[in-house]
Amino acid sequence: MNTKTVGVIGAGTMGAGIALVCIRKGHQVVLLDANQAVLDKALAYLQSILGKDVEKGKISEQERADTLARAKLVSDMEQLAQCDIVIEAVPERLDLKKSIFSELSRICRADALLLTNTSSISITQIAGGLPHPERILGFHFFNPAPVMPLVEVIRGKKSSEENVQAAYRFATELGKVPVLVTDTPGFIVNRIARPYYNEALRILGDHVAEVEQVDRIMKRAGGFKMGPFELQDMIGIDINFATTESVYTDFFHEGRFKPSRIQQRMVQAGSLGRKTGEGFYDYDK
Amino acid sequence: MTMTNKAVVLAGTSPLFAELQQLFTEKGYQVLSVAEAAAEPAAVSLAVEVSNLDLQQKGELIRALDSLLAPAVPILTTSLAITATEVASWAQHPKRVCGFGTLVPLAERELIEIAPALQTAPATIQAAEVFFQSLGKETEIVADEVGLVFPRILSLIINEAAFTLMEKAATASDIDIAMKKGTNYPYGPLEWADRIGLDEIFAIVRGLQRDLAEERYRPAPLLRKLVLAGRVGVRSGQGFYTYESKVGVKA
């Protein structure tokens, strides 16, 4: 495996996790965030996780220091000029992503792979109108990125086959399991998982079964690790609702993806799940 | 006969038939066909009917059991493709009809759902619970709607996977890998469908569309065509995947 210089844009939970995955595999990482406090937190996170790796005997103190030294934290985008690959992991806002890829198109080499970690925005739309759209692809990690093995490699309308293959290989080199998907709403996972939540909500709304019953049935009859309501509470009901709305809109309102009023009311009430102490279940606040 | 109080009739064409027959036998029940029960109807303590794809055949079986068996004998019927209430409406003695739902392989089902019809008598519901618990299963009583809870949710996940595959957005194997690795599903939806039987899944989705009449429940055309072509999964050697033999490994 050849060592690459990987830029990671956005040092929040996703970005810091992706940076960790990359430095652990020997790549040089330039982790970018405009906010110094976020960068400081990301550095503390990397130090903490690698410190735990030493405590557990997974790596030596020297390896810890070497791994950490591969991460360079920056706040100036021009520093990404030498990157072979850039992975963008900023919040899911089209305007933000478009402006970042526009900047990257100017700053980076024409053969640099430009990847977006979006879970819900069209790759084709992000790349649209930019020079060299053939190098722009989706590269969707799952949260938490260091733990979850899957990466969806998403082929935009203008992504080249060569670059799709390169991104696929890169995911494999990171120790991840890549899957290939064309640029359709929700890609694979967020699309096919929609009925797990939506139909459970429908069943609840029609009083076919109640929250605890549905969760128990899906675990005991179906072998799912978590019931759909427990899972919504863990993901965040607002996040789950936003994903459903996005898939629904992008499919031009096909009935299969119609969001649930129950879920909408919970978002309106601020009952967002574990993070607010209450969702479909009550948690200790 | 010593076994008379434990004789049950099993009827229908779902893939559940073979596994239920085996499970009933293991648990000490004498399993009779409708024809065998006709010879000695008084011996029968309970009937189970499991047709899902062919509702006309389901109606014929329910009517036959209803006229054959004493009015107090419970008839438990799969309400995967049709509500228990509608099935009960076919019977002269609707109080003894109760819906239930599960999917093969039964070894993986710790719990079986019971859905009483609006007409079901409390004694019938209790008999259904006692019966499934005697098979070593937990029970959960839910309201009567097509597909109950687990079969309904899983079928719609599989239906969406079939749409995704039909659109060639991803390969079957990438779809299954993604759902297992990205969300910890116990099986990929397409391999799961092949194990359950595409005919069962199609019957549920079509039943939801028929009863609830919403675009939401439109069966994926690919799912429908595979069923029409007899490619119902592992059982037939071909479904979303091809199998070397009927019990074989994914090709």
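Note: Cβ is positioned from N, Cα and C throughout, glycine not excepted.
Same-site candidate for NAD(+) binding, as annotated by TrEMBL with A:Gly10, A:Ala11, A:Gly12, A:Thr13, A:Met14, A:Gly15, A:Glu92, A:Lys97, A:Ser119, A:Asn143, A:Lys275, chosen from A:Asp33, A:Asp76, A:Asp284: A:Asp33.
Same-chain residues at least 6 positions away in sequence with a Cβ under 8 Å from that of A:Met14 (NAD(+) binding site) are, in sequence order, A:Ala89, A:Asn117, A:Phe141, A:Asn143, A:Ala145. Note: the domain '3-hydroxyacyl-CoA dehydrogenase C-terminal' (A:186-283) comprises 63 helix, 3 strand, 32 coil (DSSP; helix = H, G, I, strand = E, B). Of all Cβ atoms in the protein chains displayed, 21 besides its own lie within 10 Å of the Cβ of A:Lys97 (NAD(+) binding site). One residue stands out among the binding-site residues A:Gly10, A:Gly12 for having the most other Cβ atoms within 10 Å of its Cβ: A:Gly10. Among the record's NAD(+) binders, A:Gly10, A:Ala11, A:Gly12, A:Thr13, A:Met14, A:Gly15, A:Asp33, A:Glu92, A:Lys97, A:Ser119, A:Asn143, A:Lys275, no two C-alpha atoms are more than 26 Å apart, and one pair sits at exactly that spread.
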